[in-house]
Amino acid sequence: MKLRVSAHRETAIPMGDFNGAEYIGINEVPSPRANNARKVSVLPLVFLIFYEVSGGPFGVEDTVQAAGPLLALLGFLVFPFIWSIPEALITAEMGTMFPENGGYVVWVSSALGPYWGFQQGWMKWLSGVIDNALYPVMFLDYLKSAIPALGGGLPRTIAVLALTVVLTYMNYRGLTIVGWVAVSLGILSILPFVVMGLISIPKLKPERWLVADVRSVDWNLYLNTLFWNLNYWDSISTLAGEVHNPKKTLPKALFYAVILVVLSYFFPLLIGTGAVPLQRDLWTDGYFSDIAKMLGGVWLRVWIQGAAAMSNMGMFVAEMSSDSFQLLGMAERGMLPEFFAKRSRYGTPLLGILFSASGVVLLSWLSFQEIVAAENFLYCFGMILEFIAFVWLRIKCPNAPRPFKIPGGTVGAILLCIPPAILICVVLAFSSIKVMVVSLVAVAIGLVMQPCLKFIEKKRWLKFSVSSDLPDITTHGSLLH
């Protein structure tokens, strides 16, 4: 497997463009693993990223409760520059450098070795499954005002299981279906907020946006909610092997998705905080449907509730796609038993889907805030490894082929990672003892699991193999030299 790059391969390019590098490798070799007719194009990829990260403004309400309107609005304007844009840029560079389904696992393995690559995979997969456990909970939270029986007990449990089964089946049927479902759900989720914005114009009072009381801010809730709503840009990298022409499609899709995500948060918050009197204690998960009723009546409330339900469906299928293809990518790299690399007749990783769905069902009993805090903690550890891998590959392999490259050289790469690294430290510092203990136990399991899997491989109790379609990712291999 060889890489051919034009003479201008190191020229930095804007995020939405491509510099003409010819990347012959993982995704351009005929293989039974992938069918080009089923690969994901730009528009479905934009909405898959949208749902990996956001899905609309459902879940941002807690920022107003935690910090008031001014800090909530500023948070969704400033936070993307500190976290979202750096993470999206790194994903664009590394995802085009390693366009395969292992995603960030391959990045870290290439820079730091397979042991730390496995740790990255374990922490990111676990945080993704924890994240996915939120969506059935949020789905039912928006519907329980219309159907009170879904508020708890056996009906809620049955609803969670039924929803998980239906959405898991969508993932089984393939990424092309998931991608276009994401486009449809995305449009339907955003449309009622456009209508609500038009209705709210006569009722907007700009002075309501300026309300702030720094002394009463719940920083833990505020930062965790912002962080949760604006992270997971790197998740799409685990689907890079399923993307049509990833060297061009991935950076462009990330560029458009950043704009879509920020607008989908900021304008609904602008409407909600400016058009109704502030009652901070009411701003919690599901409050946008109450605002819709105040502004437009019951019909708009029902529409917002339906949009919330569709949004959570979209986030679920996008996250499960990422989690399951990550396991497939790890198996193709020999980090997990070979049976994880088996595909269904639709080209989907059947066992990865079943494992991810099982994790969702087991974790769905946790509360919204507990789930967010636990996944953020694990996600932070994974991001630290990603930043180290990104900088280390820039230092050790500066001339490696990068179809998309962030300008600024090695110094620029380091500076890009400093603000999000500081933010990670702040988020970890605000974690509760309970979340910290549970998360550290999960990390410890991963530290032990990798040597155990190596022992199983050595004893030949299970079969492990590296796919022949993939290039060498070791620092002495053909990909980087």
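Glycine is treated like the rest: Cβ placed from N, Cα and C.
Taken from TrEMBL, the feature transmembrane segment applies to 40-60, 66-85, 97-116, 154-172, 178-199, 254-278, 298-318, 350-368, 374-395, 407-430, 436-456.
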Next item on the list: Give the one range among 66-85, 97-116, 178-199, 298-318 whose Cβ atoms make the most pairs under 8 Å with those of the transmembrane segment (374-395).
Entry: 97-116
Note to self: Counting only residues 6 or more past its boundaries, what in the same chain has a CB within less than 8 Å of a CB in the transmembrane segment (178-199)?
What the structure shows: 40-41, 43-45, 47-48, 50-51, 55-57, 170-171, 264, 267-268, 271, 291-292, 295-296, 300, 303-304, 306-308, 310-311, 313-314, 317-318, 321
Check: Where among 40-60, 154-172, 407-430 do we find the most Cβ pairs under 8 Å to the transmembrane segment (298-318)?
Finding: 40-60
Next item on the list: Would you mind listing the long-range same-chain contacts of the transmembrane segment (154-172), meaning Cβ under 8 Å and 6+ residues beyond its ends?
Entry: 136-137, 139-140, 178, 181, 313, 316-317, 320-321, 324, 344, 346, 348, 350, 353-354, 357, 360-361, 364
